[in-house]
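Taken verbatim from TrEMBL:
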{"type": "COMPBIAS", "residues": "33-46", "note": "compositional bias 'Low complexity'"}
{"type": "REGION", "residues": "1-51", "note": "region 'Disordered'"}
{"type": "TRANSMEM", "residues": "63-85", "note": "transmembrane segment"}
{"type": "TRANSMEM", "residues": "129-150", "note": "transmembrane segment"}
{"type": "TRANSMEM", "residues": "186-208", "note": "transmembrane segment"}
{"type": "TRANSMEM", "residues": "229-256", "note": "transmembrane segment"}
{"type": "TRANSMEM", "residues": "262-295", "note": "transmembrane segment"}
{"type": "TRANSMEM", "residues": "316-335", "note": "transmembrane segment"}
{"type": "TRANSMEM", "residues": "415-438", "note": "transmembrane segment"}
{"type": "TRANSMEM", "residues": "445-466", "note": "transmembrane segment"}
Amino acid sequence: MSLSDHQHRRPTVFSGADLSSSASIDDEEDENGGSSSNGSDASLPSAPAPRPAAEQARRWRDVFWLGVFVLHLLAFGVGLTLLGINRFSRADCLNIDRFTNITCRVNSSQAAVFEQQQSGLVELTETYWPFYGVAGGAAVLLAWAWLSLLGSRASQMMKVSIHGLTTYLAVISVLCFWTEHFFWGVAFAVGAALQFLYVMSVLDRFPFTMLVLQKAVKMVWDLPEVMHVAYAFMIIMLCWMALWSFGISGVIASSMDDGGRWWLLVVFSVSLFWTGAVFCNTVHVIVSGMVFLVLMHGGRSAASMPAKPLLKSLRYAVTTSFGSICYGSLFTAAIRTLRWEIRGIRSKIGSNECLLCCVDFLFHLVETLVRFFNKYAYVEIAVSGKGFNPSARDAWELFQSTGIEALVAYDCSGAVLLMVIILGGLISGTFTGVWTWFKRSDKVIMVGSTAILMGMILLGLAVVVVESAVTSIYVCYAEDPSLIQRWDAEFFDQMSEALHQRLQYRSARAREVMNHSLDQLSDTSPPI
């Protein structure tokens, strides 16, 4: 069947048991998952009705979460400022330390401060603030290098991230054990083991993943203005991190016990994570809107392209759609990470039915959440301006109805980009931790762990431009495959072949599961 015939047909719909079974079987390839193209034909997605040319005025969406995010920024901004000022230049200048340990005597904090002054070891905000300057500078340098080398060394950088992350985690684990931080040594060792197992479980999918990432990089590299967006948001994020690290330095320098410090660090780290996710997903929406327009109109210089498309996408992202971005940023990262791990484990369980049953329960629970919280919602938000949950649901139903979900499940590009982010964060945290070790060795874990988070967020702002291109490519392919064919005919053929193989694989697995179920039923049924 020719490719032109594929483009004008609806995708093959599994009937009866095949459809229900294929929804419940493994989405991953095993060692023999890539079947040949000699089996039954797998159809490509057909083009849905074209989007209306006249764009309607967009309404504000998810305003409640916009308000929550803004209030969160104001409240945490005031709290961080007060905590930083309290230990700036002199100890406890706002007299906040009296509230840090209500179970002790009222003058216990003053006594602690007096003891520090007598020993000459008074810890102030400015004692730790420079450490975070190193973390921010190292992360920005890594992000700049990553974006600069994106066009020429993208494939090599991603391969280094995939194979280097396991080694780096193992090395940090050894260093933690050497410095007698046993909890963190075990944590990094477990992380290294999980990373190794995940890479081994999806190793056969990396060729297709690298193909998708290379084409996404090509798309981004042809749109230099999206790089400018990433740099601009990186500068804004650095300004917020300057305030955040100012307050965190005050917390670490405070006279409260380590338990109180860690609780505050966790709370403020969750706040920074949400803020960073909102910034990253705002860039995601801006770049997705730009990429979708380029694919829809056939090129950046097409006569039909609207005027100032980047500014238009930016205006929607920071106004009417900003509430949806704030809402989705709360949950999508955690759900995506959990989904990757469950998929990797599920694909390697084998015939252990008890374990498979437990993992299947978690798998279907996460898949239900993915229906309402997925990264492809940001493309729909950029294009149509809907709320987050309707956008996520529409994107997932589009993938399910066209069969593209099988290809999306096979692709590991999101996991590979996450490895780039984690490795960059670990490198930033290492630089900061080494300096802290020579200055304040007892605080190296507190400073190092928060510096890792800072580095990951700043690297995420650089990496998200590629992830935006990946999500836009999949949504465009599901909406109208001819858009991808017009942009890159060779890549279109490769995606079509991969989709053909994945649908064949799912169909074969569905028949295998059905036959196995029927055999079990016949074995357990009483004789007549």
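Any Cβ shown, glycine's included, is placed from N, Cα and C.
Fewer than three CB pairs closer than 8 A are found between the transmembrane segment (445-466) and the transmembrane segment (63-85), and contact between the two stretches is not assigned (pairs 6 or more residues apart). Within its own chain, the transmembrane segment (229-256) is flanked in space by residues 77, 79-88, 91-92, 96-97, 100-101, 109, 112-113, 116, 123-129, 131-133, 135-136, 140, 143, 147, 264-265, 268, 271-272, 275-276, 279, 282-283, 286-287, 310, 314, 443, 446-447, 450, 454, 457-458, 461-462, 464-465, which lie at least six positions past its ends and keep a Cβ under 8 Å from the stretch. Non-local neighbours of the transmembrane segment (262-295) in the same chain are 69, 72-73, 76, 80, 83, 219-220, 223, 225-226, 229-230, 233, 236-237, 240-241, 244, 247-248, 251-252, 305-306, 309-310, 312-314, 316-318, 321-322, 325-326, 328-330, 332-333, 375, 378-379, 381-383, 446, 449-450, 453-454, 456-457, 460-461, 464-465, 467-469, 471-473, 475-476, 483-484, 487; each lies 6+ residues outside the stretch with a CB under 8 Å from one of its CB atoms.
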